[in-house]
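Summarising the annotation, Swiss-Prot assigns signal peptide to 1-27. Residues or ranges marked as ATP binding site in Swiss-Prot (evidence: sequence analysis): G93, W94, T95, G96, T97, G98, K99, S100. Marked as N-linked glycosylation site by Swiss-Prot on the basis of sequence analysis: N149.
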Amino acid sequence: MAVARHGCPPWGSILGLLVLALAAAAAWDVSFLRCSLGSFCECDFWPDLPGLECDLARHLAGQHLAKALVVKSLKAFVQDPAPSKPLVLSLHGWTGTGKSYVSSLLAQYLFRGGLRSPHVHHFSPIIHFPHPSHTEQYKNELKSWVQGNLTACGRSLFLFDEMDKLPPGLMEVLKPFLGPSWVVYGTNYRKAIFIFISNTGGEQINQVALEAWRSRRDREEISLQEVEPAVSQAVLDNPHHGFWRSGIMEEQLLDAVVPFLPLQRHHVRHCVLNELAQLGLEPREEVVQAVLDSTTYFPEEEQLFSSNGCKTVASRITFFL
């Protein structure tokens with residue numbers, strides 16, 4: 001899904017295009033002045049938080065907790081000229097609920113080069129750490145990579161996907177970089193951002209959402225306090241999670257546990273409409289309904305939540321066009 005920086009104006013209107021042009025010009029002037037007077041935009045770091053907030057509001061369906069936590073955490077961190085530690089967020093939830101999408105938006109709206117920026121680093125266990133027997137080698141390589149890149153630029157973003165599939169103990173080498181005590185040669189590493197993504201805790205989050213629905217509570221009434229303890233405990237109990245028996249959890253180096261709720265049918269519909277718009281296609285109702293009807297839902301009795309969230313929406317649309 002493409003990202004429009006600076007303004008996120010209404011689509012398809014002359015007024016929207018005018019707003020985009022004016023917003024871009026104003027943002028350029030302000031950003032140029034801001035970068036000229038300080039180190040705010042060092043290393044390709046060019047944050048557009050209003051654009052991020054707008055994009056999340058428009059395109060991230062059913063995730064009031066994730067939206068609020070991500071935006072609040074980033075605003076406080078980016079606006080602090082001397083943060084005491086790096087920003088560390090751990091994203092949890094069922095498959096297809098928006099975790100990877102949010103992480104890609106962070107790269108797009110924080111760095112001019114987006115995911116292609118040399119200061120955005122994405123790690124996948126399947127690609128980078130495929131053999132558990134090589135864990136010690138991976139530890140040395142990961143520590144060297146993180147330290148080397150932080151030495152080059154303290155304003156770096158590190159994304160760790162599929163934390164459920166990492167070799168045990170690997171993440172422990174990151175602990176010195178996540179707190180306030182580590183010194184990296186010549187740069188302020190405390191300006192770095194670390195994002196960890198996993199499905200662990202998804203079942204616990206789903207259960208909270210299901211109980212809220214059964215109690216006829218509004219979904220937006222679900223609070224972080226209802227889900228965070230269960231998610232944290234699920235991480236501690238999962239020997240396959242990268243934070244299992246980790247000092248990162250014990251020393252409370254995570255700034256926020258960000259829960260992603262399971263998606264209902266109307267949320268999947270929102271994803272279908274977004275994808276059709278992205279493809280430049282009219283929202284044909286027969287295509288929308290075909291995608292929704294072909295999606296599987298759970299629990300078996302209520303048929304309430306999408307089994308794959310919005311993950312398979314794009315491929316299903318292609319099939320039904």
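Note that Cβ sites are derived from N, Cα and C of the backbone, with glycine treated the same way.
Distribution of Swiss-Prot features across the structure.
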{"residue": "G93", "record": "ATP binding site", "contacts (Cβ under 8 Å, 6+ apart)": "A66, K99, N199, G201, G202, I205, P259, F260, L261, P262"}
{"residue": "W94", "record": "ATP binding site", "contacts (Cβ under 8 Å, 6+ apart)": "N199, G202, E203, I205, N206, F260, P262, L263, F305, G309"}
{"residue": "T95", "record": "ATP binding site", "contacts (Cβ under 8 Å, 6+ apart)": "N199, G202, N308, G309, K311"}
{"residue": "G96", "record": "ATP binding site", "contacts (Cβ under 8 Å, 6+ apart)": "L263, S306, N308, G309, C310, K311, T312"}
{"residue": "T97", "record": "ATP binding site", "contacts (Cβ under 8 Å, 6+ apart)": "G62, Q63, G202, F260, L261, P262, L263, G309, C310"}
{"residue": "G98", "record": "ATP binding site", "contacts (Cβ under 8 Å, 6+ apart)": "L60, A61, Q63, A66, F260, G309, C310"}
{"residue": "S100", "record": "ATP binding site", "contacts (Cβ under 8 Å, 6+ apart)": "D161, I197"}
{"residue": "N149", "record": "N-linked glycosylation site", "contacts (Cβ under 8 Å, 6+ apart)": "H119, H121, S156"}
Tally every other Cβ atom lying within 10 Å of the Cβ atom of K99 (ATP binding site).
26
When DSSP is mapped onto helix/strand/coil, what comes out for S100 (ATP binding site)?
helix
Around the recorded ATP site (G93, W94, T95, G96, T97, G98, K99, S100), other residues with Cβ within 8 Å of the Cβ centre, ordered by sequence, are N199, G202, F260, G309, K311
Secondary structure of T95 (ATP binding site) (DSSP, helix/strand/coil)
coil
Per DSSP, to which secondary structure element type does N149 (N-linked glycosylation site) belong, with helix, strand and coil as the options?
helix
